[in-house]
Each structure stands twice: as C-alpha cells, then as structure tokens.
C-alpha cells in the first residue's frame, strides 16, 4: 500500500497544483502610493452652489487598479450624492449596441477590400503571432497542453471578434489593446462601470451626460489614407515585440494617483500610438499625417465635448434643485486648454479643486460596495476562468467602451476585453470563417468566429440622459458584438471533476 501511495503522490500533487493554479492565480492589479500625500491633489472639484455639485475625474481602467487609492472625500461624495452623472451608461443595452455598430464598415464592405493588400497581410500575420502568445499570457509558466491551447484560441477569437468588418481606425485600436495585461484583466469592470453599478445598487439615480454618437463618430470621420499610415507605424513598433510579453505601462496610473496628470494628458496623442521617438523610420510626411489626425481628434474628442459637458452642467446649475450631483467623467476633461473647469469659471461659477486631506461629511459607503460595483467579485474563489477562458452559450462579458481623450487606448480595450455586458446570447456559432494567404504572400490562417447577439428587453425604465435634443439623435443598425464570458457552472464542474479524480486516486491507492 505504501508503494501505491508513493506512485500516486505525484498525480495528487499535479491535480492539487491544477486546482490552485486555476482558482488562486491573482489578476494583475496596481496600487500606487505617493510620498507626499499631504499635498496630493485628488481629481475632485466642487462647484459652490446650494447644494454643491461635485466633479470627479476618472481614469478608464480596471477599477482594481485605482479603487483602493481613490481619496476618502471622493467616496464620501459618492455616498452623499443622490445623483451620479457619467459620460455614457455602458450598462445600457441600447448604448452598448449602438457603440458597437458604430465601429463597423458599411454593409458588404470588409477590411480585405479596404486595406491595401500588403497592410492586410501584415495584420493577418500579426494576429497569428499574438494568438500564439495567448497561452503564455493566460497560463504563465504552467505547461501548455491541448486544453489550454483550445481555450486560449477561443478567447483570442472572442476578443478579436468580427475584426474583418471593423473600420480601419477601430482595427488600429483593437491591435493596440491586445496586450498581456488587458487579457488578464478582461473581466474586471472599468472604474466608470464600477461606479455606475455601485451607485445604482445604492439606489441612486444614474444619468448619462452624452450619447454614443458624440464619442464614436469623430473617429469614423478620419481620412482612411492617414489611418493607414498610423496603422503601418503601429505595426512597425509592435511587430518586433509580438513574440514577447507585450504590456501596457502603468506610469500614467502612478502619475494620476500622485496628482500630476496634467503634463501627461496634455502631451499624449489621442490615437493609441507610441511617441514619435519610438516609431521606427518615421518620415516627416508620416509625422505630419499623424499630427493632423491628432489635431482633428483633439478638436472633436476633447474641445467639443468639453463645451457640451460644461453646457450640460450649467443647465443643471440653472435649475431649482435640492439634491446633490456627482459628475464622474474622464480626468482629461478637467485639464489642459479649454477644459470643463475653465469654461465654468469663465461663466462666473466658483469651482474649487479639493485636496485629499479635505474632509467631506457624509454617510459611509455600504460594506458591500465592491460586490455592488463588481458582481463577479463574489465568485473570486471559483473563478477558474480567470486563467482558463470559456465561451458558454449565455452571459457574455463585454460591452463597448466610452471614448475619453486621456486614456483612449484603454477605453478601446474595454470594447474587446474588460467589462461585463448585459447582453443575452441567443445562439453562438463558433464556426471559423478561415482566411488563408496563398504561398506567394504568406502561409497564415486566421479563423474568425461568428455570433448572434440579441439585447434583452429591459424591465427597467429607459436610461435617462442630461443631454439636450436627444429626440434628434437616431440609432445605427446593430452589428456583431463579440463576447467571451466565464460560466459559474463550468467553474464548479471543473473543480468537482478534479476533486472526484483526487478521491478516486486515493481510494484506489488504499
């Protein structure tokens, strides 16, 4: 009997490692603490009115990266406010559907027919190389077997979705979002979505400041020829890194938490491209094309939206009200030229930026604030899919993003891999549509899944918006919405099967 136990012991160790790896592997989160907290500024402003209106500058990143470092006075304002106003209600099915549809080419058009041939081949090759990295990004140093490869491929295809139908600018943003960190953090809600859900769970009224067109359409107006230049330069930068652990930087998170976000935002281009000094072989003509793109987007995505947001806030200030409002919008709208705070002050309003040390009396946040903002956090122990992604036939986990200037690349990441969606998948066909390159160009194959997604009929009232002339805005046709979700039944089943085999081996040994 001792011999049998010795023989089965390595199997037991292997199975226990599998369970521990699948349920205990932590997700990548960040927490940054500044050395001089006494003088640290929060991204919280107060408009002196009765009652006051508060403005909070967010970052569109997974909430776990920031929530612990959000100052107490911001959390107090969230607790005492009766209303939370966000850029867009990403939890609203119509908003999500329209944002997704906005990203796609007109009917009967594909990237294969739009992109220059050589550029299309480069995109195909790059996707194949990134697909080969997914098992390493998901499982780390764990051995890569057939099951992990299959699951990695399923997640990859779910994240790139119907990529051949994307407009070129959205293809560029998809490519920039495919990094190890984004894959590992795909199921963590963005801070904006977390605040939205938490406020709604606390019984507060959550309203939208904008509609999807104001955020999406400026990108679709870009000249495709110049977008092709940006896409080529992005691939020039990423291709040498494609066989390694491509990661996004957290330096802006540290800068944000330490109260000096202004310099970073003012110098960063809107498109998710590295700085010009990092782009190889950049000609003066290419640099001019990239600069003209950035100038156009700054005027449309930053300045025009700043004007609209400030008008919305001023309209609210002119009303007779007795309730407190908190506006949680991207921090980039509060810094730089012609920002929201500057426009409010120009109209005579008193707006003060608050220090983290300034106390704001208010009731404490509920103890279950995390589960209100992130319902999936209650399943952490059994969240095997944090390392083994699945695509069950219900409950997809992605919604399209909001587009704010200071973190535009991260916002686009949420379209493909971050927040949980409220869509219901009636049917999912993972029938690969294979695009093969002939031997004259490359021996590369990329499979793209197709999916049928239907938004549910909501029992709640229609999402309220603070914007003006909503009746003049129409919805675009819906389009394919890629999704990849984690299923609780799958998680429990895998753990049960593993434990069953452990007991079976022990029993046979005895």
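Cβ atoms are placed via backbone N, Cα and C, with glycine included.
Remember, it's a predicted structure, so these values are computed and weren't measured experimentally.
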- [ ] Looking at the candidate ranges 392-434, 435-477, report the one that Swiss-Prot labels region 'Disordered'.
- [x] 435-477
Open item on the list: Taking DSSP as the reference, which of helix, strand or coil describes residue 98 (N-linked glycosylation site)?
Closed with: helix
Task: C-beta crowding around residue 322 (N-linked glycosylation site), within 10 angstroms - done: 7
Task: Number of Cβ atoms other than its own within 10 Å, given for residue 223 (N-linked glycosylation site) - done: 13
TODO: Could you round the CA separation between residue 108 (N-linked glycosylation site) and residue 98 (N-linked glycosylation site) to a whole angstrom and send it over?
DONE: 19
- [ ] For residue 98 (N-linked glycosylation site), identify the closest of the glycosylation sites 223, 281, 322, judging by Cα separation.
- [x] 223
